[in-house]
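What TrEMBL says about this one:
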type: DOMAIN; residues: 6-65; note: domain 'Spt4/RpoE2 zinc finger'
type: BINDING; residues: 9, 12, 23, 26; note: Zn(2+) binding site
C-alpha cells in the first residue's frame, strides 16, 4: 500500500499536495494526513455540491481525523 500524497485541510476538507502551506479554498493553515475517501466536485451547481456543503470545484476528503 502506498503512502498518501495528499493532505486534507481541517477547516474545509480540501485535499492538497503535501507541499502546500495554505489551503487554496479557505486559506486555512491546519492540515491532517489522516483522511478517508475522496469526492471530486466538478460543478458548483451539482446536487453533490449542495450535499457536501461546498461550492468550489475541487477534490475533498469525506472524513478527516
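Cβ coordinates come from backbone N, Cα and C, glycine included.
Here the domain 'Spt4/RpoE2 zinc finger' (6-65) has, by DSSP, the following mix of helix, strand and coil residues: 6 helix, 24 strand, 30 coil. Counting every protein chain shown, 25 other Cβ atoms lie within 10 Å of the Cβ of residue 9 (Zn(2+) binding site). Each of the binding-site residues 12, 23, 26 was scored by the number of other CB atoms within 10 A of its CB, and the lowest score belongs to 26. A Cβ within 8 Å of the Cβ centre of 9, 12, 23, 26, the residues given for Zn(2+), is found for these other residues of the same chain: 10, 11, 13, 14, 24, 25, 27, 28.
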